[in-house]
Amino acid sequence: MELEIKKTENGRDIWVVAKAKDFEETGMKVQDPSGGDPYLVPFADLRLAPKSLNSMQLKVKPDDELEAMLRDNIWERVKVNQIKGEMLVVESADGRTHIVDIGPKLRLGGLVYRKPSKSHMQIQSEKIPEDIYQWFKKTNGCEQLEHILGCCIAKVDHDLAGNISVFTFDGAIARRAKILFETFFKDQRQRMHLTQRQETVSKMLSKDDVKTDAPFVEEFEVSKQFMGLAIGTQGSNIKFAKTINGVRDVQFKETEDPNAPVRFYVYADNPDAAIEARNTLEYTTDVVMVPRKHVGNIIGKTGKVVQQIVDNSGVIRVQIADKTPESEEYVPFSFTGTRQSINDAEFLINYQLQIFNEMKEIRDNVDELQRRIFKPSNGRGGFRDRRITNGRNHSDTDGHRSDQSNERQNGSQSNRDDSRQRNGFRKNNGHDEYDEQEGEQPAERRRNENGGGFRRANRQPQQNGGFRQAQKQ
C-alpha cells in the first residue's frame, strides 16, 4: 500500500510517495522509495493517493495552481504559465520553469485527499492451512496477496496459529480480501506441489548423470501446457521411461521463452527403445477427420462408442467440433494424449468406419434380395407368381385343376349311391330307407335260434321325415 508523507524542503511542503509496511496505533510504519529501515509516521503527516491519477480531462488556464510530479515519487505545487497543446509550461516554488505533459503526473491543486486514521482502518483475517504454512512463509505469500489486492498491508501473525490479516482503508479491498482467501490458499497449494515436482525432476535429470555417449538419441518437443502430463506425478513417467530396456537416460531442456516448447532427449542403446520411451513421454494434441455422415456412428448412443475408443486407446480426452459448416464433408475430432495413444485412437476410428461400410454393403444386398422376392406382378402388387409350369399360365392350370376336382367329387357321390342301392337303401323324402325285398338282410335282426334275449327292431321313418323307436316285442 502506497502512502504520501508530508515533508518540508526549503520552507515549502512536498509529498513523498512511500510504501506502508505496518500499522500502529498512532501512525503507519513506512519505507522510503530509496530503501532503508521502516520508520513510524503519525497519521497527521500522511495522506492517501487519489484512486484515479488520470489528468487528461484537466481544464486549466494560466495562473492556475496544480500539483506535479517533477521528480520521481515527489509531488509539489506549481503554477501554470502557458498552455501549449498537450503540454503545460509550469513554474515551481523555487522559480524554475518546467514543461509537463498533461497526464498522470499532474493533479488539480484543490483536491481533497483522504487522511488515514485508526478508526478508518478495516481488517480481514483468515487462518492459513497447516499444509501450506511453511510454504507460505518461504515464498512470502503476504507480498503476493498485497500485489493482487492493491492498496493494503498483509501480515502473518505467528502468535495466533498462523493467521494472516489484511489491513486497508478501502472497504472494497476489504471485501475482496474476504472472498479471495479460500481461492488464494488453493492456488498456493497447487503452486507448492508443482514446484516440488519440478525440483524432483530437476534432480533426476541432473547434467552430472547424463549419459551422452549413447549410440542413439531421440529428440522431440512437448508443449509447456503438457509438461505436467509428460513428467507424471512425482516424475513417474520419466522414471518409467528410464526403466525401458535399452534406455540409458532421459533429459529435457527449457528455454527462457514461456511460450517455447520443451525439448526432450532420450539416450538409448537401440532405436526401438528410444522410440518406445518417446511414445511414453510425447504428449500432444492431434486431429482425426471423420466423415460427417458417420459422426453419429463414431459417437454412438449416449457417447458409448467414442468413450470406448478413448478408454481402449489411452488418450486423455477428445473434443468434437460442434460448429463446423454443414457444407464441410468431414468433422474434426481433436485427441489429446501420447503420440502412440492418438495413433491407436485413429486406428480404432478407421476400423469402425470400415465395419460400418461393410455392414452397409451387406444390408444393401439383403434389401435388394427382398425387393426381388416381393417384386409386384403385372403392376398389381403382391407376391410374384411362381405357379407357372411347363409354359402354362396359372389361369389354365387353375381351370384344369377345378375340372379334375369336380370329376372326383361326382365320381365319389355316384359310387356311394351304387353301394347304398346294393345294400337295399333307397331315397324316400330325402332320407335313406332300408328295402326288405331288395336288400340282402331282413327288415329286423331276429334272435339267434340257439340263443335267447330280446330282438332289436329296425327304426322306421316317421311321416315328417324323422325316425321313431320301435317298441320291444
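Glycine residues also receive a Cβ, built from the backbone N, Cα and C atoms like all the rest.
Automatic, uncurated: that is what TrEMBL annotation is.
Residue counts for the domain 'K Homology' (214-283) under DSSP, split into helix (H, G, I), strand (E, B) and coil, are 30 helix, 22 strand, 18 coil. Per TrEMBL, the feature domain 'K Homology' maps to 214-283 (among others).
Taken from TrEMBL, the feature domain 'K Homology' applies to 284-354 (among others). Helix, strand and coil counts from DSSP across the domain 'K Homology' (284-354) read 37 helix, 21 strand, 13 coil.
Here TrEMBL flags 373-473 as region 'Disordered'.
According to TrEMBL, the feature compositional bias 'Basic and acidic residues' maps to 382-406.
According to TrEMBL, the compositional bias 'Polar residues' annotation covers 460-473.
Mean pLDDT for the domain 'K Homology' (214-283) in this predicted model: 87.
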